[in-house]
Amino acid sequence: MTDLPGIVVTGASGRMGQMLIRTVLDSPRARLVGVVERAGHDWVGQDVGVAMGGAPVDLHVTDDALEAFSRAQAVIDFTAPAATVEFAGIAAQARAVHVIGTTGLSEDDLAAIAAAARHAVVVRAGNMSLGVNLLVQLTKKVAAALDEDFDIEVIEAHHRHKVDAPSGTALMLGQAAADGRGVSLDAVSDRARDGMTGARKRGDIGFHAIRGGDIVGEHDVLFAAEGERIVLRHVATDRAVFARGALKAALWGQDKKPGEYDMVDVLGL
Ligand SMILES: NC(=O)c1ccc[n+]([C@@H]2O[C@H](COP(=O)([O-])OP(=O)(O)OC[C@H]3O[C@@H](n4cnc5c(N)ncnc54)[C@H](O)[C@@H]3O)[C@@H](O)[C@H]2O)c1
Ligand SMILES: O=C(O)C1=N[C@H](C(=O)O)CCC1
């Protein structure tokens, strides 16, 4: 039992944090050795089982990431960009696999994570579900097969609390479409249409973000031409799909060399 990889979950009280804690506690392949929340949060110091509204699990929420990570083989982190950058440095110091689900990371954030990945395994993906990572591969193939007579638009929908747009998943899908076409996403990305925009530019990849209610995550990649269109769609109805993927990544990373990996590597797609 004690040989099972020890996992720390950060952002314990969050939507994903709670889902991850349940997933690790229920897993026969890993043990939960720490749960981290931001300093000042009222969960800090509480038994996490009780804080989540259930029975005690004899594990208390801490704001001391350094101490928690030092006892872990992997850290699963779905928090916020500033926290994730800080955790990347601490996980690298502890030589723990850092599984990053956090989205909305800037170029500077990504550079800091790349620096940490020189010393430890980092697995990062804007979406950890099997379905979306398959959709990424399909998007690349369809984009490669079609020419610019097909306009590509990525449409995503999420719950009202989401703070970043386009979603990490939408950016993965847009990147896959651009890769399939052999173009730079930065050069063709069209993210904001409002007012007298002029006609659509041939070759652009458009992004649209819907926010409302409790939508878990929905993504369409639309290929629209004269007389026909193709829609590739993924609908997540349960955050468990992201948590299962993240735990798989944490276990997969145990015997890998330091470096940056994604879910395509983990799933062997
Ligand atoms: N990659 C994926 O598959 C995937 C899936 C779902 C969500 N996400 C991303 O995960 C992130 C979190 O999503 P959520 O819906 O759970 O958000 P949330 O707001 O419910 O949870 C974030 C948690 O992180 C905590 N936090 C913030 N700063 C912290 C710090 N310094 N130390 C410790 N904890 C800290 C917050 O207190 C909060 O509990 C977002 O970026 C979201 O886009 C990714
Ligand atoms: O709920 C969120 O926030 C989600 N974020 C990821 C994204 O930005 O794509 C994955 C889906 C859910």
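Placed from the backbone N, Cα and C atoms, the Cβ positions cover glycine too.
Among the candidates Glu37, Glu86, Glu148, the one that TrEMBL lists alongside Gly11, Ala12, Ser13, Gly14, Arg15, Met16, Gly101, Thr102, Thr103, Ala125, Gly126, Asn127, Met128 as binding NAD(+) is Glu37. For the (S)-2,3,4,5-tetrahydrodipicolinate site, the Cβ centre of His159, Gly168, Thr169 serves as reference, and the other residues of the chain with Cβ at most 8 Å from it are Thr103, Gly126, Asn127, Glu156, His158, Lys162, Asp164, Ser167, Ala170, Gly217. Proximity to ligand 1 at the level of Cβ atoms, with a cut-off under 6 angstroms, picks out none of the recorded positions His158, His159, Thr169. With respect to ligand 2, the recorded positions Gly11, Thr102, Ala125, Asn127, Lys162, Thr169 contribute Asn127, Lys162, Thr169 as residues with a C-beta closer than 6 angstroms to one of its atoms, given in sequence order. Mean pLDDT across the domain 'Dihydrodipicolinate reductase N-terminal' (7-128) comes to 98 in this model. Comparing Cα positions, Ala125 (NAD(+) binding site) lies closest to Thr169 out of the recorded positions Arg38, His159, Lys162, Thr169.
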